[in-house]
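What TrEMBL says about this one:
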TRANSMEM  B:27-49  transmembrane segment
TRANSMEM  B:69-95  transmembrane segment
DOMAIN    B:69-271  domain 'ABC transmembrane type-1'
TRANSMEM  B:107-130  transmembrane segment
TRANSMEM  B:150-172  transmembrane segment
TRANSMEM  B:209-231  transmembrane segment
TRANSMEM  B:243-270  transmembrane segment
TRANSMEM  B:298-317  transmembrane segment
TRANSMEM  B:337-362  transmembrane segment
DOMAIN    B:341-547  domain 'ABC transmembrane type-1'
TRANSMEM  B:383-402  transmembrane segment
TRANSMEM  B:422-446  transmembrane segment
TRANSMEM  B:529-549  transmembrane segment
Amino acid sequence: MKLLSLICAVALATPALSALAEEVVVYSARNEQLIKPLFDTYTRDTGVQIKFITGGEGPLMERLKAEGQNTPADILLTVDAGNLWQAAHEGLLRPIQSKTLQENVPPHLRDPGNEWFGLSVRARTLVYNTTKVKPADLSTYEDLADPKWKGRLCLRTSKKVYNQSLVAMMITEHGEPKAQSIVKGWVSNLATAPFPDDTKAIEAVANGQCDVTLVNTYYFGRLMEKSPNLPVAIFWPNQNQANKDAGVHVNVSGAGVTHHAKNPAGAQKLLEWLSSDKAQNLFADNNLEYPVNPKVKPDQTVAAWGSFKQNLINVKEAGSLQAQAVKLMDRVGYK
Amino acid sequence: MTDHTLPQRPSPEPGVITSAGFRLDGWGLFATLVAALVLVPVLVSFSSFAEINRDLLAHLTQFVLPELILNTVWLILGVALGVSVLGVSLAWLVAMCDFPGRRWLDWALLLPLALPAYVTAFVAIDLLDFSGPLQSWLRQGWGVTGLPDIRSRGGVIGVMSLALYPYVYLIAKNAFATQGAIALEAAQSLGLSRRQGFVRVALPMARPWIAAGVMLALMETLADFGTMAVFNYDTFTTAIYKAWYSLFSLPAAAQLASILILFVLLVVVFEQRSRAQMRYSTVGRSAASRRISLTPGLAWLAFAYAVTVLLLAFLIPVTQLVLWTREVILQDLDARYWAFAWHSVLLAGMGALMVVAVGLLLAYAGRHRPGSFMAWTQRLATLGYAFPGAVLAVGLFIPVATLDNWLIDTTRSWFGFQGTGILKGTLLVMLLAYLVRFLAVGFGPIDSGLHRITRNVDEAARSLGTSTSGLLTRVHLPMLRTSLRTAAVLVFVDIMKEMPITLMTRPFGWDTLAVRVFEMTSEGEWARAALPSLAIVLTGIIPVILLTWSPRPSRT
């Protein structure tokens with residue numbers, strides 16, 4: 001018990017000591033290995049210390065809520081616009097006025113109320129088996145509900161927020177009844193039960209268990225780095241200008257300054273830096289994502305997949321309609 | 001041969017009451033406090049009913065609940081059967097029979113304890129799914145298709161049974177080792193065959209212990225999220241997370257959690273009923289001297305069976321982890337891993353000590369103050385194990401943060417304190433959360449062990465002039481050594497693997513191996529998760545070996 005009280009004493013004393021230097025405290029739902037290199041660079045360049053803790057976005061938000069005005073956190077960083085929207089919706093973030101962020105982050109990838117900003121773009125697209133499918137057979141997300149894909153579609157589970165966001169965007173575009181019949185079509189075209197992650201779904205396509213699936217591009221990139229000879233390729237759906245197709249569904253990982261931040265100015269500076277050229281490359285390339293800042297070029301591997309038209313509907317819709325999308329998927333039996 | 005028996009709740013003896021006076025209240029108070037601590041997150045969950053979202057509840061009732069109740073029931077039945085069959089058969093073989101490799105299989109069969117169930121699950125899917133090497137080979141080499149899908153109800157049950165059978169194995173093995181031979185001998189002297197002796201005498205006598213092990217396995221199953229996510233198998237717990245993370249309704253999640261708790265309470269009562277019939281006997285002679293000698297054919301069959309289980313539950317998954325680790329070790333292994341491992345060991349060690357201490361006192365409270373009040377208090381105090389980790393973490397964090405906010409505001413107005421946390425930033429909260437979660441794991445073996453020390457032992461010691469404290473330190477503790485060690489190791493290994501509480505309540509800079517696993521798996525980077533997983537297994541193996549290793553392993 002002596003050891004215990006000693007440790008408690010140390011743990012108590014630590015925050016008091018480190019408060020002397022300027023520091024920014026981050027709660028991050030983005031992986032440690034994806035953010036630590038950035039934070040290390042920032043500290044090296046500016047001398048500002050960054051203290052962060054990682055965790056699931058749900059528990060991190062509950063933690064913020066429970067801590068209220070005594071939270072040590074200055075920034076909440078998460079993946080998926082749905083989570084950012086939810087954080088803003090629950091009053092956990094504060095609006096910030098920053099010309100830099102407004103310039104660096106396109107309007108559809110940030111909160112209209114300036115409470116959060118996308119920092120990297122994640123594109124959700126089609127991956128198909130190159131020996132069994134001709135690119136000409138593919139067109140849109142919606143088309144995957146067509147009976148011609150019966151027994152040829154693989155999907156990741158509906159529990160993953162990426163698919164929930166995609167369905168939420170379809171609700172925005174088509175209205176709920178039509179979105180529901182599309183998702184129902186997907187379910188009836190499934191070749192096998194939904195997979196726990198995108199990588200498994202791509203592997204199923206590569207092995208001929210099904211012909212086409214829906215994934216975030218960086219999973220494709222990671223798998224191809226490991227096994228470059230897999231017979232799979234990326235297809236950018238919803239690109240037909242004449243049909244006024246909306247474009248590829250994109251989501252963001254992003255961040256906002258917490259409502260009760262102790263160092264809001266420092267937090268804002270860090271966010272601005274994260275949207276700058278230097279950080280954008282580090283941020284996106286590290287995980288084969290797309291930079292949010294249009295002036296910054298994507299990583300070579302990523303650029304090789306070709307350019308595409310993004311869906312310009314504000315990603316916040318993914319958040320506000322997420323619960324509705326989940327219920328829709330429950331109703332049609334998408335597991 | 002002495003063979004004392006003792007009912008679980010003996011009628012209080014006059015000596016105990018008079019000598020105990022004030023202490024009796026102290027025991028009651030202590031037990032109540034522990035139960036109250038566990039009840040905090042439960043009450044936070046139940047308080048969610050203040051805010052009912054009818055639309056959401058109607059949706060869940062119509063589209064989600066029916067299937068997940070069915071899934072949960074199937075899972076419970078399947079895992080109960082699976083861990084019973086594996087655990088009891090292996091325990092019987094190791095404790096009662098002689099066969100090649102018995103000595104090392106004795107401890108090796110416990111190794112799966114160190115392996116998180118979701119790791120076994122992921123490896124199973126990786127190897128056995130359509131895209132996996134086995135099916136690919138069968139398809140390409142032999143044209144075989146249409147194999148049963150691993151991602152199925154049977155698959156989940158199989159993986160959970162392989163991951164959790166050690167709980168039953170460990171507890172049943174001790175019961176057989178201390179009673180089996182005697183029971184079998186008595187049965188044979190009454191003219192029963194060996195098989196009849198096993199089925200009609202030894203097995204029923206060990207049943208309460210088997211039930212205690214199955215109970216632990218089931219509570220773990222009910223609380224499991226990781227394995228279910230890998231299999232995409234919907235249970236109560238996955239629905240709780242869905243309500244919280246996807247539908248953004250913590251109240252709905254908490255409401256589902258309280259239903260789960262009621263369900264667990266039912267199972268606990270059922271299990272307590274069966275434990276109430278427990279009869280405890282002191283150790284007469286160990287089984288070691290007269291193990292059943294099997295015919296060579298049977299002996300090798302026993303060996304093959306035990307090795308197959310070990311292969312499936314431990315060796316194959318660990319081999320896969322090693323292969324994955326080789327891909328990433330140069331890139332990922334850095335000096336920080338020492339810190340992660342050290343944090344894991346330190347937290348697991350402190351948590352295990354704390355749980356064992358509280359478990360011992362709680363078991364003692366039951367001994368000194370038997371009765372239905374105490375029995376219920378003990379039941380409540382051990383409910384935390386069935387609580388889904390993240391819900392438990394939130395249920396504890398909210399009251400702690402509230403208390404903390406009050407403390408901060410008070411100290412700020414009195415002393416001008418400028419910090420943002422008093423309790424939250426310390427390890428104390430984490431350790432309390434571990435206590436709530438793992439008390440059941442530590443309490444079970446200690447309580448069973450304590451019950452085995454009969455009152456006659458106490459009276460004999462007292463008649464020789466031993467004081468109450470002397471009774472504990474000089475008589476009971478030495479006799480409880482194995483039970484305490486079992487409890488400590490089980491809790492240690494469980495905390496090493498634990499994720500949600502560690503993620504939620506750790507102070508800045510207290511990342512552990514399990515946190516690393518979370519970081520990697522949350523993005524589906526299984527190969528990179530292999531390194532910290534392997535580190536957990538390696539660190540967890542040490543206490544598992546210590547648990548069974550002793551100069552005379554079967555004498556307890």
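Each residue's number is its place along the chain shown, starting with 1.
Glycine is treated like the rest: Cβ placed from N, Cα and C.
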Quick test of the contact rule: Cβ under 8 Å, at least six residues beyond the ends. What residues does that give for the transmembrane segment (B:107-130)? 90, 94, 149-151, 155-156, 158-160, 162-167, 169-170, 220, 224, 226-227, 229-231, 306, 309-310, 313-314, 316-318, 320-321, 490, 493, 496-497, 517, 521, 526, 533, 536-537, 539-541, 544-545, 547-549, 553
In the same chain, residues at least 6 away from the ends of the transmembrane segment (B:243-270) whose Cβ sits under 8 Å of its Cβ atoms read 42, 44-49, 51-53, 56-57, 60, 215, 218-219, 222, 236-237, 379, 382-383, 386-388, 390-391, 394-395
Tertiary contacts of the transmembrane segment (B:529-549), as residues 6+ beyond its ends and Cβ separation under 8 Å: 106-107, 110-111, 113-116, 119, 318, 320-325, 328-329, 332-333, 337, 340-341, 344-345, 485-486, 488-489, 492-493, 496-497, 513-514, 516-517, 520-521
Folded-back contacts onto the transmembrane segment (B:209-231), same chain, C-beta under 8 angstroms, at least six residues removed: 72, 75-76, 79-80, 83-84, 87-88, 116-118, 120-122, 125, 151, 155-156, 159-160, 163-165, 167-172, 174-175, 237-238, 241, 260, 263-264, 267-268, 271, 274-275, 278, 385-390, 440-441, 444, 448, 499-500, 521
Sequence-distant residues near the transmembrane segment (B:150-172) by C-beta distance (under 8 Å, 6 or more away from its ends) are 71, 74-75, 78-79, 81-88, 90-92, 94-95, 109-113, 115-117, 120-121, 124-125, 128-129, 206, 209-210, 212-214, 216-217, 220-221, 224, 227-228, 231-233, 309, 312-313, 444-445, 448, 486, 490
